[in-house]
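Take this structure, written in structure tokens, and hold onto it; I'll ask about it next.
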């Protein structure tokens, strides 16, 4: 049976007509009755402007074979998307021509009018509104109906149709590649009722995808693939690619893309989280780590952990020399420099070195005269914020640091630490010349000047010189009437308030400094230190003439007088 396409001038032949591909000789006759066959048995026919080739039917798959017999009860049409009863598909629409008697299935199950009928083609469903499978030129009997096409053919070994593809001949449909089945991006399978009944396409099997379904973006944007388009991983055209396999239950519809409101007009720079937890340079940026106690936020989680040690009192970093503990490793490194004597930060103007960079910055303000921190009460300015805080406590009389041993309070933490050495007897600062040790560094400096006979501090009133500035300040009060401290019990006057406090203990009997070994108490810390040497056997004061050592400086002075008397 022959039909003529309305617009293309191509002659469509039924697959099962005597002159079709099913002839025993494997030949195809043109309208003039001529037959052409190449060396390998492949048949080529030229009609109008179109060329197509039909492969030779393999042995055993002729239409006369029992597996391919349309009248056989086992035969079922193989197009799963060819459903005459689906909406929009009218089997009686104008232009519909029923298939030839040789092709029409005889069993009730294959009757197009039967409700149980389902087309078996696994890959073809026309989606274009203007192209129906039953429109002229779209019959299954067309020479271009080929289930064996790489993208749409049945994989069942019992059935292989030899036509090169199923191509609609309607004027609005234009095939992209006759050898690769339907290539137009408009002809995609969207039918949710798609159900494969072939034994090769049951649940869990694989079925091929068309090249357009491999590229969902071309579907969304309406881009039609070109015949000359090549894949990115090879130079062969799209039509020559092998079929893709995909699970049968997969959705073949193109995904929907949401258009951005402003996809290209971007401003600023987007930065991802880096080493510092996404915090931007300059201290600005997100601070996602929030302290659950005080609510302070931090850009890095490690900084939050360090901050929380303020609340918990945890000090995991311990000095191996003195066993002092710190909450941060940087504080431990700074502390260790007090034992090693390392001073890596040096002033470029005077050459003075410091163990901490903050001390160097503070020192450099002495050269520049810069004092940015001003007291709001008296207007006095300071070069460092810690000096200002210390000064402000003189106005508020605040003493937040108290000794746990004796309860004495101090306005500075450093003063409390120096005081606690009185109770522990610790004297970490020793003289390099005589070996004498001190609990405070400030006491070691004037002692070192005593060996050099250096007295850099001179009284402006009388010209007397002193080795310590504190001693000069005490002396200066003697020239200022009314700047003395008198005892309210006996009326005795003193130049220093600390001396008055020590004197008052003679009236009250208070002995706050107690020996940890024998329990003996003293009213002065210096007396307790001298007493500690009785238990330790320490003799830091050594005679330069005979080498004899003493535990107290007064004993050394008394001994040196014996040598002076002998020289006379």
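Cβ coordinates come from backbone N, Cα and C, glycine included.
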For the set 86, 142, say which residue Swiss-Prot annotates with phosphoserine.
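Cross-referencing 86, 142 with Swiss-Prot, phosphoserine lands on 86.
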Could you check Swiss-Prot and say which of 107, 210 is marked as phosphoserine?
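Among 107, 210, the one Swiss-Prot marks as phosphoserine is 107.
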Name the residue among 156, 191 that Swiss-Prot annotates as phosphoserine.
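Swiss-Prot annotates phosphoserine at 191; the rest carry no such entry.
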Among 35, 366, which is annotated phosphothreonine in Swiss-Prot?
35
Quickly, which of 93, 170 does Swiss-Prot have down as phosphoserine? Just give the residue.
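Annotation hit in Swiss-Prot: 93.
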So what's the mean pLDDT when you look at the zinc finger (457-479)?
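The average pLDDT of the model in the zinc finger (457-479) works out to 83.
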When a 10 Å sphere is centred on the Cβ of residue 327 (phosphoserine), how many other Cβ atoms does it contain?
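Other Cβ atoms within 10 Å of residue 327 (phosphoserine): 18.
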Whole-number answer please: how many Å between the C-alpha atoms of residue 327 (phosphoserine) and residue 424 (phosphothreonine)?
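Given the Cα positions, residue 327 (phosphoserine) is 23 Å from residue 424 (phosphothreonine).
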With pairs 6 or more apart in sequence, are the zinc finger (401-423) and the zinc finger (513-535) linked by at least 3 Cβ pairs under 8 Å?
yes
Checking distant contacts: for the zinc finger (429-451), what same-chain residues at least six beyond its ends satisfy Cβ-Cβ under 8 A?
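Answer is 418, 421-422, 467-468, 471, 529, 540-542.
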Under DSSP, the zinc finger (373-395) has how many residues in helix, strand and coil?
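Split by secondary structure, the zinc finger (373-395) comes out as 11 helix, 4 strand, 8 coil.
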Three-state secondary structure of residue 327 (phosphoserine) from DSSP?
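For residue 327 (phosphoserine) - judged by DSSP and reduced to three states - the answer is coil.
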What's the CA-CA gap between residue 424 (phosphothreonine) and residue 470 (phosphoserine) in angstrom, rounded?
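About 25 Å separate the Cα atoms of these two residues.
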